[in-house]
């Protein structure tokens, strides 16, 4: 090139000198272009003419590495080589040969284009792939290269607060970080909205925002994307991370307001020119309640979604105070009010602390007896209120000198002597909004002098009533007996065939008062062979007895005797006539009616009501019925073994 230029300068220009020169340049350019074309064709034929084709796949999905081979091309064979070694070998009209077992069932080659298809992608499948294509009647092997990237399907990005810094002008510098779980590479991050007060760093995954309480609380959204997917995060309000800039730099605690659970409360701001104020913002935890001039109070959308009660919190249009209805326990805490100017700067700040208490129920007192000895009663009392919490104060009245109070004054140990009056203790539970008390009666635990006196009086009255009852019963029974006459049977009527009684057969009768008689007729004497001189007289001797007195029949010594025995009450009777025998009692509390047919003698035996003691039996050989009268006398108690009939009884004949 240099020689022609120098040579051209020495020649003088002529009329046709320029044409030969142009034709030489054209010829040279044509030769150069032809050479470059063959060079490019050779490079393309060897497969080194272009960069690898980039292909992206999703983890667990499928991908195809395409080959642009026309249908008319005669292919001898195609070999696919993976990141480490040969993968597959394919020939026309033959089955594909898989050379790596880890790809069995996941790898395939299309029939006409010989493209490579991989399914169920894994992270190990990423890398470089090469296809060697051999054509018939063509000596050069054509190569195609691919680069495979395998990406995960992105999950929803998560935004976290990394740091908060508070400046002196009530502003906060909040740093947010966006991340996607399981995706650390090839992920691009972006934030919306883009504001002049916000800046991004670290590939867009970190956002730093500077704001004041008076600035609008805009929602920030993080978007993450990779070649196969794109996801966005939930809106994040940075105002929730900077709700107390004044207190963070040492502001005052302000006023304390006490509220009652379930009732309304007002947090005062005392701002007379509330209507002329540009904006008032109340902050509480993650809640923001703001009111702009000539507008109703608005709450953060995040607050409304969490609050089941609509319009439960609002800012008063009169003095910009914060009003809360139906207080909940979670409403307690610090509140901060900021008054803003037109330039969104803070002009004043107020702190209010809200405390919430329950109205107390009636206290419950439980007690346990420690021990009671030496006349001293010692007990432990515990006072508690259901759902009272840790803010309940307990007091005991009256409080003795020896009493011991513990566990926040809810536990009391007290003692007293049995000779002392029992103290009635009162537990009072109180909190800042309510007060309730309950009295404990200690007389129900240990017996004292008053209780002993009452016990003895009660026992005495019971004994008196019992005695009066017994005495009344005895009087009633006595009157009942005296009203019924007692008598002995008169002479029985003899049957027609029985002769009249003779002098040797006399019937005696005795009239007695106040004695019990057997109400069961005597059993007749059994018929036995007797002499003709004996008269059989049915005396029909009948005595009356209480219905509940059983009747007993008992044989004695082979004879049957019927006793009509009556004992007369009173001590003012004349002594018994001569021959009258005093008989000792026989077998008390048993009524016996005996009939004996032996020597024509019949006796009847009756018990009195007082002692239930029978009179001894007597024996006689005559056919006579006797009544015996016994005078009251003091007789020693009978012995069990002394139930014998006197050997020589004497009777008096009243005939």
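Glycine residues also receive a Cβ, built from the backbone N, Cα and C atoms like all the rest.
According to Swiss-Prot, the feature motif 'ITSM 2' maps to residues 624-629, out of the candidate ranges 624-629, 630-635, 636-641, 642-647. The stretch that Swiss-Prot tags with transmembrane segment, taken from the ranges 411-432, 433-454, 455-476, is 455-476. The stretch that Swiss-Prot tags with motif 'ITSM 1', taken from the ranges 589-594, 595-600, 601-606, is 601-606. The shortest Cα-Cα distance between residue 120 (N-linked glycosylation site) and any of the glycosylation sites 95, 285, 424 is the one to 95. Residue counts for the domain 'Ig-like V-type 1' (48-158) under DSSP, split into helix (H, G, I), strand (E, B) and coil, are 6 helix, 49 strand, 56 coil. Proximity to residue 424 (N-linked glycosylation site), judged by a C-alpha distance within 10 Å, picks out none of the glycosylation sites 68, 95, 169. Mean model confidence of the domain 'Ig-like C2-type 2' (364-452) amounts to 80 (pLDDT, 0 to 100 scale). In this structure, the C-alpha atom of residue 285 (N-linked glycosylation site) lies 44 angstrom from that of residue 413 (N-linked glycosylation site). Secondary structure of the domain 'Ig-like C2-type 2' (364-452) per DSSP (helix as H, G, I; strand as E, B; remaining residues coil): 7 helix, 50 strand, 32 coil. Cα to Cα, residue 169 (N-linked glycosylation site) and residue 413 (N-linked glycosylation site) are separated by 58 Å.
Spacing of residue 413 (N-linked glycosylation site) relative to residue 173 (N-linked glycosylation site) is 58 Å (Cα to Cα, whole number).
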